[in-house]
Amino acid sequence: MSQTLKKRGGNSSGRKSPTTSNIEFDDKKTEFDLNAIVPPKEPEYKYLAALTLVTLLAIYTRFTKLGTPNKVVFDEVHFGKFASYYLERTYFFDLHPPFAKLLIAFVGWLIGYDGKFKFEAIGDSYIENNVPYIAYRSLSAIQGAAIVPIMFLTMKTLGFSVAACLFSSIIVCFDNAQVTDSRLILLDATLILSVALTIFSYSKFSTFRKQSFSSKWWTWLLATGVSLSCVISTKYVGVFTYLTIGIAVIHELWILLDYRKGLTLQEFAKHFFARLWALIIVPFCIYLYWFYLHFAILTRSGPGDAFMSSEFQETLLESPLAAHSKPVQYFDQITIKHKDTGAFLHSHQHEYPLRYEDGRISSNGQQVTCVVQENAANDPNNQWEIVPTSEGANKGTKVYTNDIVRFRHVGTGGYLLTHDVASPLKPTNEEFTVVYDDVAQQRYNETLFRLRLHVPGSNPKKEKNKKEIKTLATDLRILHVDTVVAMWTHNDELLPEWAFNQQEVSGNKKIPDKDNIWNFDLITNLQSTDPRNQYVPKKVKTLPFLRKWWELQMLMFHHNNQLSSEHPFATQPGEWPLALSGVSFYNDNTEKKQIFFIGNIIGFWLEVCFLSIYIGILLADQITRRRNVHVLSDRARSRLYNTLGFLFVGWAAHYLPFFLMNRQKFLHHYLPAHLVAALFSGGLVEFICSNNSARPNGKPVGVNKYKIIAVVAACSTAIIWFFFYFRPLTYGDVYLTPEEVKARQWLDIKLHYGK
């Protein structure tokens, strides 16, 4: 021990402790300390041979049986359908940005597919419907196969040995979850490839840290930015990749800011703004471009219309809204439709119970609810007459936004009112009811409502524009003048049987809420002789691109945040690193075949072991150094904290934020973190198999080739064995007996046909 460890209190060699204060900086060099890049350790031909091997293996695992099954599998129902909508140019709405979906549609366009098949249900036949599904799946397979050699090149760029490069590549090449997701018409192959390209590009950029602003320096910095834009333009979990690179960039800039680097503030500013331009501005412009292309292609009315504002819908060809909207006039009898739930404002001659089950007291007034029903316009209980409140407003006078009106219920003759009485289901909201005759006159101010125009992105309290109101085409907030609440309904909880399980209507104090939007759907008393019945072709309107983008962006965020309900396939982040359970993607009841989405459990568990070992090494190093005992050499510590630290942060940034999210979470969300953990695992194996001693101990400096080959061979053999053992569940091409199915129900895996 005395020969290998530097003891407390003594430093007979006169060598200084390798503390931060003793680090020497080269003047005017942009040395980036986060990735302690070193040259490759072995001859180039060995890297080339190993790279060729893993590339061929990746192609084999991704392209084998690509046409099996020849039916719709899992989320192909969504992303195949979106490709068809692009090909037909019909507008649709989705939570994810357009980039990866545009790539899928581009494949269909290249081969001349018309998009007639709509991928309605899992199990629908591709063969019977003449769908070019193998071409679609080939896009994912190409991307999935490309991930593996890019990982290898990343490890090589970071200075790791051939064995370490091979091990990282094998973990992903033979991971069942990665293979499954890169063989189907899904977005994940694009996402993970973009993550891999980002880390590779940034690693390459770091190798040119001493050649600031050279062409290669700019090339790889911009390549990092473009890759980041591809990540964030595929799925919004790409923000975690931004977090990874952001932490590295902040660390790098912090080093450059040190006066010992010798940079002037002007030179530091050049570094700062170069990164701002390449990593934020350029990616954001590319991100916007995909939305521009999205809008340019989707010019026809489609299933996504209902999500968008009326103004947006009027920009689409063949929009029923543009064709059938009519100006609304006073004394028109209309139906009022809630935009979010599609329910109609309704009332009937039944009262709220005087006392609710929780003991609260109601007004015992006439119920006001919302209903979803066909031919809603034919029911007088869904019809409301718009009564003016200003002098001079007669029959035929147009209704404008910001007008103050009253609503008379056609079915019962009373007036809509809300007041300071708690609603049945939401005690913080106000109850809506209907009052009659003298009471309506006495409480006149409580029957007044302002029709406030909804403009996406604007503050509804400040929206003062007066605009002609049209059926279908004008989105409104209906604001109570007296108590300043917005009329609101919801369908997450329905009223009890005393209200026929209809939707509650209440006054919402949070006026800006996006759920407060209504429109006048249909004029029910429009006479055949009314000039408004004469069809006049309407010109398709235009909206500025940024206005359309902002509206869609806010809707995507809003609906993404609404994904908080339970899902049968949802899992918790704590289960992911150990692949405790998976998801049934497809099952064929006739041939008893199935596809089950699960990671390579051996590979996943090995990654967790290596991550845990790393944390243990860090703790041991910090504790021993507090006692002035230096076990690791300076070079080993640089490797431990810089290169491996960067990859560890990358894993944590792609994984830990999911614990803070309230939305639905699935195992496939872990795949980017799994990719980074695979890179990390190869690096840590090399670290463990190297001589990292701070003092000469007679052992060769560097990697122990025999040790690393033995470790990599043993771990890789186990990973590859598991991959082929679970292969029938990955490809869905082999029948398993019930006994064979049961034998594969590891951990919490639940498979079909085990009986």
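Note: Cβ is positioned from N, Cα and C throughout, glycine not excepted.
Straight from Swiss-Prot, the features:
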COMPBIAS  13-23  compositional bias 'Polar residues'
DOMAIN    325-389  domain 'MIR 1'
DOMAIN    396-454  domain 'MIR 2'
DOMAIN    466-523  domain 'MIR 3'
CARBOHYD  N11  N-linked glycosylation site
CARBOHYD  N445  N-linked glycosylation site
CARBOHYD  N691  N-linked glycosylation site
TRANSMEM  92-112  transmembrane segment
TRANSMEM  147-167  transmembrane segment
TRANSMEM  185-205  transmembrane segment
TRANSMEM  212-232  transmembrane segment
TRANSMEM  237-257  transmembrane segment
TRANSMEM  278-298  transmembrane segment
TRANSMEM  595-615  transmembrane segment
TRANSMEM  640-660  transmembrane segment
TRANSMEM  670-690  transmembrane segment
TRANSMEM  706-726  transmembrane segment
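Comparing local CB density within 10 A for the glycosylation sites N445, N691, the maximum falls on N691.
Contact counts against the transmembrane segment (595-615), taken as Cβ pairs under 8 Å, peak for 706-726 among the stretches 92-112, 185-205, 237-257, 640-660, 706-726. With helix defined as DSSP H, G or I and strand as E or B, the domain 'MIR 1' (325-389) counts 6 helix, 30 strand, 29 coil. Annotation note: N691 (N-linked glycosylation site) sits in a strand segment as assigned by DSSP. Panel annotation: around the transmembrane segment (212-232), residues 30, 97, 99, 190-191, 194-195, 197-198, 200-202, 204-205, 238-239, 241-242, 245, 270-271, 274-275, 278-280, 282-284, 286-287 of the same chain, lying at least six beyond its termini, place a Cβ under 8 Å from a Cβ of the stretch. As a quick check, the transmembrane segment (640-660) and the transmembrane segment (706-726) miss the bar of 3 or more Cβ pairs under 8 A, pairs 6 or more apart, so the two do not touch. Taking residue pairs at least 6 apart in sequence, the transmembrane segment (706-726) and the transmembrane segment (185-205) share fewer than three C-beta contacts under 8 angstroms. Between the transmembrane segment (147-167) and the transmembrane segment (706-726) there are at least 3 Cβ pairs closer than 8 Å, counting only pairs 6 or more residues apart in sequence, which means the two stretches are in contact. Counted over residue pairs 6 or more apart, the CB atoms of the transmembrane segment (278-298) and the transmembrane segment (92-112) come under 8 Å in at least three pairs, which marks the two as touching. For the transmembrane segment (92-112), the list of distant contacts is 78-86, 132, 135-136, 138-139, 185, 187, 190-191, 230, 232-236, 287, 290-291, 293-294, 297-298, 302-304, 307-308, 552, 555-556, 559-560, 563: same-chain residues at least six beyond its ends, Cβ to Cβ under 8 Å. Sorting the domain 'MIR 2' (396-454) by DSSP state (H, G, I as helix; E, B as strand; all else coil) yields 10 helix, 27 strand, 22 coil. If you take every residue in the domain 'MIR 2' (396-454) and average the pLDDT, you get 96.
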